[in-house]
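Enquirer: Below: one structure in structure tokens.
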């Protein structure tokens, strides 16, 4: 490690990359495609590669106009470079998410190092890398990991301009380029996170002169050069449909009313924060009093403005998901690291110490939940206990308890090491050691294996009715998977191409399927039974794979 100056050496960067990879990579390739959003992104990406149309976004024949094309392009590039297009390897689609998180981790390290020294920089970066929600997003092929990278980049540039308003061209260039990239990833969400911080600073400081260093005369054209071409193209291709759906229905709908059952009252993020930013939540809460006491420092003011306005806004927005405030984690990590490593800190008042003790109990309860997720999850889903996972869970909780005890007794840096160890081991245990082994929940890989074993054609056309999750469309293939409207429709679809088709029916719909097949003179042969739980809706499923034989004179019955 370098001396505690304001720059990380190349060895520090290598260590940071290596430690982040050790925490973030386990499970990336072994966790099957996740329903529903990840698999929808993967299907649309696969179709982009198959058709060569990188403007329009589709899930089978349906338009998918919820987000811009940026992440689809990144996934397409990753799949093409990896050479896995025909294999439908989900890990290739996840590479942009992993790299997005890694970039955010490194930028957090650079930012905290510049502000508070190299030790604080490494600490802040690892607090982001080990946080529970970040670990999940690094392993799933969606937009949020890449969005985190673009927002962190924009804040890195804006903060440097705010603190040192001198003429370095790269700062405004990075700022406007990050805004443009963020617009291509998730639309105007990046403008909310950056704009609220900027507005908060302007209200707080009542100083505007530094804004000229943003260089809007050439910065705005750079922003438009990155974002505008695709938005114009998709408007033409969709005849305005993209704007109606993405802005009118998706974006504005999330503000006014909850979408897709993702509702929550104000305080939702406050209640989940101890878990989603775990283990960093402990150190951020313990740093809160220090941060407010030092709000006279420009850097602390900026970090507070990064966090508070956006957090309040998201508590008021109707649609809520745990990862929505993830772009605030780099700022939280910087404050947490500063409170640990800056020398000469006064003893906290009694009421702060009492509050810290109470929160420590709450945080330990969440630590127990994380520690139990591995062994308890495997036992619940598969009915067995893993001694290795049990021991890992115990180690996670012991490390978390040590982190609390060491911090409360003044040994903050040792506490940080214990907390990071708990976070790293918890991530590896849950994401690498548990989730890939929950076979009861992973129905799609077993269905595809059964189709491959019994199909007479390459490819085999699969007709499915009750189980219509996007992971099946992705893993079996968007052009070879038919989502039947009903069990009756499934029988008709099977009859239309009996030689190269199989049908998948749940026990709840078999009677209607069999009756329709008999009516159109199609004999059926059951081939395989796949049982498990559809975790997307909680339904227990008993899925039978059928082959057809016999004449099918028509589908009118």
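Placed from the backbone N, Cα and C atoms, the Cβ positions cover glycine too.
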Enquirer: Of the residue ranges 175-204, 445-474, 475-504, which one carries the transmembrane segment annotation in TrEMBL?
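Expert: It is 175-204 that TrEMBL describes as transmembrane segment.
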Enquirer: Of 58-79, 388-409, which range does TrEMBL call transmembrane segment?
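Expert: Spelled out, TrEMBL records transmembrane segment over residues 388-409, not the other listed ranges.
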Enquirer: Look up transmembrane segment in TrEMBL and report which of 239-261, 354-376 it refers to.
Expert: 354-376
Enquirer: Counting Cβ pairs closer than 8 Å, which of 145-163, 175-204, 216-237, 324-342 has the most of them with the transmembrane segment (299-318)?
Expert: 175-204
Enquirer: Other than its close neighbours in sequence, what residues sit by the transmembrane segment (175-204), given a CB gap under 8 Å and a spacing of at least six beyond its ends?
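Expert: Result: 67-71, 73, 143-144, 146-147, 150-151, 153-155, 157-158, 161-162, 214, 219-220, 222-227, 230, 246-247, 251, 301-302, 304-306, 308-310, 313, 327-328.
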Enquirer: Thinking of Cβ pairs under 8 Å, which stretch from 95-113, 119-138, 145-163, 216-237, 388-409 has the most of them with the transmembrane segment (268-292)?
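Expert: Looking only at 95-113, 119-138, 145-163, 216-237, 388-409, the most contacts with the transmembrane segment (268-292) come from 119-138.
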Enquirer: Which of 95-113, 119-138, 145-163, 216-237 shares the most C-beta pairs under 8 angstroms with the transmembrane segment (324-342)?
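Expert: That would be 119-138.
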